[in-house]
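Participant: Feature annotation from TrEMBL assigns site 'Discriminates between blocked and unblocked aminoacyl-tRNA' to N33. Here TrEMBL flags Y38, F88, N90, N136 as tRNA binding site. The feature active site, proton acceptor is assigned by TrEMBL to H43. What TrEMBL lists as site 'Stabilizes the basic form of H active site to accept a proton' is D115.
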Amino acid sequence: MSIFDIFAKLEQERKQQDASAGPIEWLVVGLGNPGSKYESTRHNAGFRALDSYCQKTGQRIDRMKFKALVGEGTFGGKRVLFMKPQTFMNLSGEAVRDAADFYKIPPERIVVLFDDISLDVGRLRVRAKGSAGGQNGVKNIIYQLSSDQFPRVKIGIGAKPHPDYDLADWVLSKFQGEDETKIQEAAQHAMEAAEEIVRNGPAAAAQKFNGK
């Protein structure tokens, strides 16, 4: 560990201590499926973004609450609850709703990070609201919140290689070669986009990160 890593870790610990001083203001939710079987799969791009952030900053997301692994931190002085729902993808909304109800967080302050097959591998797209676009985890969040008015960061995982390829097999496959390098970079940028949403809003984040 370099001296820069040590300072970064100390700064993150200070931020986490500062975060305990006020109420949770935002939820930042990465979607995926729990368990080693699903690690590094395309469908777990949301989990991977949060894991990348933890590795870089020392942030911990390791307490079970609201049917999710959670951790508290700050973005721009605003207290954030990071979440990795453990309900499996299709029921992700249960964890999000429980946390939103508990902390009285409106949809506009819930940032969701997830995989998108309509984007090339590693591409990002920030949206302030919208439909699920076929992503079942997002569909369940919309159902549980009775709203699609939450900002999201879509992480490109690439389209199926050919029309006959089974979609489930594709999203549960793992990245290889150059795609693995691209998704590592995208995971880091996705969390930077989430932080930009919290700090300055989804429009600013979209301008900065869309197509990145």
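From the backbone N, Cα and C atoms, a Cβ is placed for every residue, glycine too.
Curation plays no part in TrEMBL annotations; they are all automatic predictions.
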Participant: If I restrict to non-local contacts, at least six residues apart, and a C-beta distance under 8 angstroms, what lies near N136 (tRNA binding site) in its own chain?
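Facilitator: Within the chain, N136 (tRNA binding site) has Cβ neighbours under 8 Å at M89, N90.
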Participant: With a 10 Å radius around each C-beta, find which of these binding-site residues (Y38, F88) has the fewest other C-beta atoms nearby.
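Facilitator: Sparsest of the binding-site residues Y38, F88 by Cβ contacts within 10 Å: F88.
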Participant: For N136 (tRNA binding site), name the DSSP secondary structure in the helix/strand/coil scheme.
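Facilitator: Helix, per DSSP.
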Participant: Need the DSSP three-state call for N90 (tRNA binding site) to compare against my parser.
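Facilitator: Note: N90 (tRNA binding site) is helical by DSSP.
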Participant: Can you tell me which of the recorded positions N33, Y38, H43, F88 is spatially closest to D115 (site 'Stabilizes the basic form of H active site to accept a proton')? Compare CA atoms only.
Facilitator: H43
Participant: What three-state class does DSSP give D115 (site 'Stabilizes the basic form of H active site to accept a proton')?
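Facilitator: Reduced to three states, the DSSP call for D115 (site 'Stabilizes the basic form of H active site to accept a proton') is strand.
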Participant: Would you mind reading off the Cα separation of F88 (tRNA binding site) from H43 (active site, proton acceptor), to the nearest angstrom?
Facilitator: 11
Participant: In which DSSP state, out of helix, strand and coil, do we find N33 (site 'Discriminates between blocked and unblocked aminoacyl-tRNA')?
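Facilitator: For N33 (site 'Discriminates between blocked and unblocked aminoacyl-tRNA') - judged by DSSP and reduced to three states - the answer is coil.
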Participant: Determine, from DSSP, whether Y38 (tRNA binding site) sits in helix, strand or coil.
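Facilitator: Once the DSSP labels are grouped into three classes, Y38 (tRNA binding site) ends up as helix.
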Participant: Tell me the Cβ contacts of the residue listed as 'active site, proton acceptor' under 8 Å, same chain only and six or more apart in sequence, or just say none.
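Facilitator: Those within reach of the residue listed as 'active site, proton acceptor', by Cβ under 8 Å and sequence separation of 6 or more, are G32, N33, M89, D115, I157, V171, L172.
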